[in-house]
Each structure stands twice: as C-alpha cells, then as structure tokens.
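Scroll down for the structure; my scribbles are underneath it.
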Amino acid sequence: MAPVNQSVVTMFILQNFVDDPWIQDVLFCLFFALFMMAIAGNGLIIMTIYSSANLHTPMYFFLVNLSLMDVICTVTVLPKVLQSLVAENAISYGGCLTQMFVFSWVLGSELLLFSAMAYDRYLAICRPLHYGTLMNGRACVALATFVWFTGALNSLVLTCLVLPLSFCGPNLITHFFCEIPSVLMLSCSSTFINDIMTVITDMFLTGLNFLLTMTSYVFIIASILRIRSAEGKKRAFSTCSAHLVVVTLYYSTVLYTYVRPALGTAGLLDKAVAVLYTTVTPSLNPLIYTLRNKEFKTSFKKLLFPH
C-alpha cells in the first residue's frame, strides 16, 4: 500500500515489537498486567481520595488529576498495543490522528501538572503560614483548568499541523503507537513547520516546566535542611521524594524522545523509552505516591474495611 497523499490514506501499519510469536505472547501478558495495574491502581487512588474527607487537600486534588491523566494515557495507547500483539496491527488514518491528539494532550498536561504539584509543595513547605490563602480551592481549580486547557491547545495545534501533510508511502509507522515524531517520518512533504513547532512546545512544556519544577525543589530542599527536628525533615522529604522520583523518570524519557538532534528510525531503545512513559510510569505512579504515605494508607484501609 503506497498512498499518494493524505486524501487517499486509509490505514497505517504499526510496527511490531518483535516477530517471534513466543516473545509476543510474553509481551502481551506483561502489557496486560501493566494495563490492569494502571487502571486499578489509579482508580483506587481516585476512589480513596474522593471518599475520604481528610484527603480533600490541594496535594491530593492534584494527585487525582495525575491519576486521571495516567488512566487516559493507558487506555489511549495500550489497547491498540495489545491488539497488535495478537491480531492485526493496522490503525486507520483518523484513529492515528485521534491517538496522536489524545496522547499529546495528556503528555503536555502531565508536564504542566508536575510544575503545579511542585509549586504546591513549595508553598506548603516554604510558606506554610500563607499556604491556605495562596492554595485555596479556587486557586487549585484555576491551576488544574490551565493545565488541561493548555495541554489540549498545544496538542490541537501540533495535530492540526499534520493534516496538510502528504503521505506517499510507505505507511509503516516504526513505532508501536501513533506519536508525532514517528508519524512525521512518513510524510513526503516538508515538515519544517512541524519540526519548528515541536521544538518550541518542547522548550515550553518540557524545558521551562522542568526548570520551574527543579527551581521549586531547590527552595524546598533548602527549607527542609533548615528544619531542626529529624522527624520534621523526614516528614517533609517523604511528601516530596515520590513526586521528585516520578518527575525525574518522566522528564528524562520525554526529553530523550522529543529533543533528539534528528528524527531517526525508532529502534528498540526508542521503543523501550516510550514504554517507560506510556506504560510503566502510569502503572507505578500509584505505588510511588502511596507506598510511604501513611495518611493515604489509613484512608485506603478504611475504604476497604469500613467497620
């Protein structure tokens, strides 16, 4: 199949991880387990926070938003991956654009949300006397709205820029899902504007947000070190360490994928990195954020065993 331009493109083919049927079966089981972990884990976080009045605080409000983004990311990417491992690995042109839009929306929103979460921790630890005033309910909703809207606007622009492109074949996407860099590789028309806009959004969403997040944590760590009691330091570090681990993992993988010097062929390493931020991170976030959180674990036990 070699479509002349986008008007006649009806299907794209997603590249398999491997051709060995036995390894495909192993990968199917692995991805299915990660899929269930992500849905169940993030779903339990949302249910626990929603049903526990003591968890109705800004930190847990942002955690609910993160869980929602992780669920959306998982259901956008993994079902098609699972299907391609056991059946056909084709995706329609419209389906590819939809997957590209939703994934880019969630990706951009999550990067912005990390900055909002870092700002929340900065106010809680560095300006505790003003925390209740600065991070009230209205401020939380405003930040969350900005995060979701800006992520959607960024994704809409990048996705719309793909529409005028011509695809003259081949139609094999050298990736396991429709991501902007891998789809642009198939275009036989100029992608100069797409490349420029991708770099600009990377600088804003990835670079700027990473800088803001790290700056917040410089102030946070400096403030924690001034705490005299060992228990106070331990409590402050425990509330921030989980977020810092997730941010580091997420930004490092996203930067690798989107800020490469050139758009080369998506090799095994590229796919492994993509698996980290599309599959592994959404599955591990519930564990990372709640494993050492006594307040959440207590509320979770009450949800499971109300009496």
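Each residue, glycine too, has its Cβ placed from N, Cα and C.
Predicted automatically and left uncurated, TrEMBL annotations should be read as such.
Under the heading domain 'G-protein coupled receptors family 1 profile', TrEMBL lists 41-289. Over the domain 'G-protein coupled receptors family 1 profile' (41-289) the predicted model carries a mean pLDDT of 86.
Long-range neighbours of the transmembrane segment (22-47) within the same chain, counting only residues 6 or more positions beyond its ends whose Cβ lies under 8 Å from a Cβ of the stretch, are 16, 63-64, 67-68, 70-71, 74-75, 78-79, 81-82, 85-86, 279-280, 282-283, 285-287, 289-290, 300, 303. Among the features that TrEMBL reports, transmembrane segment is placed at 22-47 (among others).
According to TrEMBL, the transmembrane segment annotation covers 59-78 (among others).
The annotation transmembrane segment is assigned in TrEMBL to 90-119 (among others).
Summarising the annotation, TrEMBL assigns transmembrane segment to 140-167 (among others).
For the transmembrane segment (204-225), the residues of the chain that approach it from at least six positions outside its boundaries are 108, 111-112, 114-115, 118-119, 121-122, 125-126, 154, 233, 236-237, 240, 244, 247, 251, 254-255, 258-259, judged by C-beta separation under 8 angstroms. According to TrEMBL, the transmembrane segment annotation covers 204-225 (among others).
According to TrEMBL, the transmembrane segment annotation covers 237-259 (among others).
Residues annotated as transmembrane segment in TrEMBL: 271-291 (among others).
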